[in-house]
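Contents: one structure, followed by commentary.
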Amino acid sequence: MASESGDSNMDREMILADFQACTGIDNIAEAITLLELNNWDLVAAINGVIPQENGILQSNFAGEASQASMYGPPSQSEAADAAAGGAVPPTSSSSSSSSPPSSSTSAFCPSNSSSRHIVERQPRMLNFRVEYRQRTVELVLEEGSTVGEIKQILETELAVPVSKMQLKGWKSGDVSDSTVLRSLHLPKNNSLYVLTPDIAPTASTSKHSALQESLNQNFLLVISHREAQRDYSLNFPGSRTIQEVKRNISDLTNIPVRHQQWEGWPASASDDSMTLAVSGISYPCHHLSVCRRSSPANSQEPTEECADVHMVSDSEGDDFEDASEFGVDDSEMFGMGSSTCRKAPMMPENSENEADALLHFTAEFSSRYGETHPMFYIGSLEAASQEAFYGKARDRKLLAIYLHNDDSVLSNVFCSQMMCADSIVSYLSQNFITWAWDVTKEANKARLLTMCTRHFGSVVTQTIRTYKTDQFPLLLIVMGKRTSNEVLNVIQGNTTVDELMMRLMGAMEIFTAQQQEDIKDEDEREARETVKREQDEAYRLSLEADRKKREAQEREEAEQVRLEQMRKEQEEEKEAIRLSLEQALPPEPEEDSAEPISKLRIRTPSGEFLERRFLGSCKLQVLFDFVASKGYPFEEFKLLTTFPRRNSQMLLPPPSLPGASRAQTLIPNSLRAHTSTHADL
């Protein structure tokens with residue numbers, strides 16, 4: 001029975017190790033709880049966790065695998081796979097894989113089984129990171145591929161025959177070349193390694209690979225703070241030094257490094273400059289305890305304290321040089337001040353101008369953590385929202401709201417290691433508008449809640465209100481939509497650089513999809529507006545042309561009316577002259593008159609003849625008046641004699657000559673009228 005119980009415990013330990021390697025859940029108690037919910041069924045537990053963990057974050061990883069690998073520490077899955085396979089795979093020194101996302105979820109993106117369709121896509125692509133000695137090969141294959149196809153690709157990349165190649169690291173143990181990847185229920189990202197027993201590596205290669213693997217492993221340190229009766233579970237890469245671990249604990253416990261008293265370090269960890277990989281601590285988990293060392297006056301071991309101080313000073317004085325970076329001033333380093341007054345506030349209380357408050361925040365942030373930090377937007381939250389959400393669709397960005405709280409033990413670690421990481425700073429600067437606020441003071445916190453209620457609604461405000469002090473700082477990721485603003489994610493302070501980067505990338509993926517739709521809608525709207533403007537311009541030009549045409553027509557009609565009026569007036573004038581001349585004519589004499597009579601026959605231009613009798617004593621002007629009374633005025637027509645042909649007007653004497661008052665008397669000749677307009681002259 002004892003043997004069976006021991007085998008069962010060993011199997012569960014292996015299942016627990018495999019489960020943590022696949023899901024990245026470092027909290028052992030949480031991992032055991034999830035396995036017990038699934039009756040220690042490894043595949044069921046993994047399938048129940050991975051969609052919830054990566055529902056947002058697992059998108060086109062094929063294009064982002066290389067970028068994501070830049071930011072994360074090495075995965076534990078490689079070491080776990082090696083232990084299961086009975087060999088330690090070599091690790092390349094030039095690359096490291098990204099750790100899986102943490103199990104924390106967003107307050108605004110609850111995870112449930114119905115969201116599984118977000119992760120699974122057709123065809124589903126799997127990412128493999130295969131290591132062979134000092135080489136690393138990145139592969140992306142469809143879920144329908146076989147293990148043999150992976151080996152064929154590796155044969156080309158590594159120049160290792162398939163017959164001499166053993167592909168290890170599968171969670172289900174060794175598999176055949178004909179096995180379809182879909183049947184293995186693999187996660188999105190996988191780490192494998194190649195063994196070639198028939199090809200012996202050199203001694204230097206094996207030694208270097210083992211050392212490099214140790215440096216790339218993640219060590220879980222469970223540190224007990226005895227005075228506060230609190231445990232901290234912290235992940236550190238093997239390349240982290242003991243001195244750096246002590247500094248981080250100083251930020252969490254407010255115990256300066258020189259006042260820390262440790263228990264649990266191996267005897268080989270004699271120098272704080274040693275890395276965790278070579279310190280001799282247990283892998284993957286090691287337990288330590290820390291407390292504040294008693295003052296030198298009451299200490300029973302002054303020699304030990306002196307040795308500790310000397311050891312710190314041997315670490316190139318880093319503890320004193322970097323004390324300001326982790327919020328430790330000189331007075332505390334020498335025990336002359338309390339931890340409550342060592343820092344200036346991030347933001348003054350009851351500041352009237354938000355821009356001035358943020359300028360103070362940025363200056364204090366830089367003085368504490370250095371100049372490498374996100375570029376905080378200087379202005380009100382409303383102005384930051386306008387900058388991020390209400391420009392052109394191509395220029396819009398996500399809004400990252402950083403909420404700081406000095407009373408939280410996580411603030412220093414989050415600011416110094418996450419917010420000031422080069423990868424995080426670069427990613428936030430390129431894709432986000434970052435706005436910050438300090439909620440340490442209740443007045444500033446109340447002011448923030450009022451602003452959030454006005455811009456994001458009461459749900460966001462209530463959510464922020466529910467977070468406790470030790471859960472700060474918070475990073476809210478907000479995306480602007482057509483009618484409202486949506487909080488995509490709330491990232492708490494107890495996170496890692498890798499998880500923070502993956503959460504930011506996941507939010508960016510959702511935003512990019514929405515942005516593409518907005519760009520398409522905006523282009524279509526601009527196209528419609530352009531067509532409408534062109535139509536309006538054409539309509540305006542048409543109206544202008546019609547107006548000019550109408551005005552020209554009106555001018556022409558007015559001119560015609562004027563000319564017609566002039567013509568009528570001229571005709572009326574002519575008619576009046578004609579009537580007056582007709583009335584002024586002497587009566588036509590009778591044929592049997594005793595006086596000499598001249599009968600004149602005048603041919604008009606139309607061929608008609610005018611006949612009339614005139615007294616021989618009549619003046620020539622009477623003849624002209626007669627012709628004018630018939631519609632042929634003297635100014636427009638000539639009166640010619642037929643033979644000899646001459647102008648009868650020449651018979652009239654000039655008015656200036658003597659006797660001009662006596663007009664020439666008529667001569668009985670046949671006369672002919674000939675028209676001559678003023679234009680023919």
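Each residue, glycine too, has its Cβ placed from N, Cα and C.
As written in TrEMBL, here are the features:
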COMPBIAS  66-78  compositional bias 'Polar residues'
COMPBIAS  79-115  compositional bias 'Low complexity'
COMPBIAS  525-576  compositional bias 'Basic and acidic residues'
DOMAIN    126-195  domain 'Ubiquitin-like'
DOMAIN    593-646  domain 'UBX'
REGION    66-116  region 'Disordered'
REGION    515-576  region 'Disordered'
Query raised in the report: With DSSP helix as H/G/I and strand as E/B, how many residues of the domain 'UBX' (593-646) fall in helix, strand and coil?
Result: 10 helix, 21 strand, 23 coil
Requested in this report: On the DSSP side of things, how many residues of the region 'Disordered' (515-576) fall into helix, strand and coil, could you say?
Outcome: 62 helix, 0 strand, 0 coil
Query raised in the report: So what pLDDT does the domain 'Ubiquitin-like' (126-195) average out to?
Result: 86
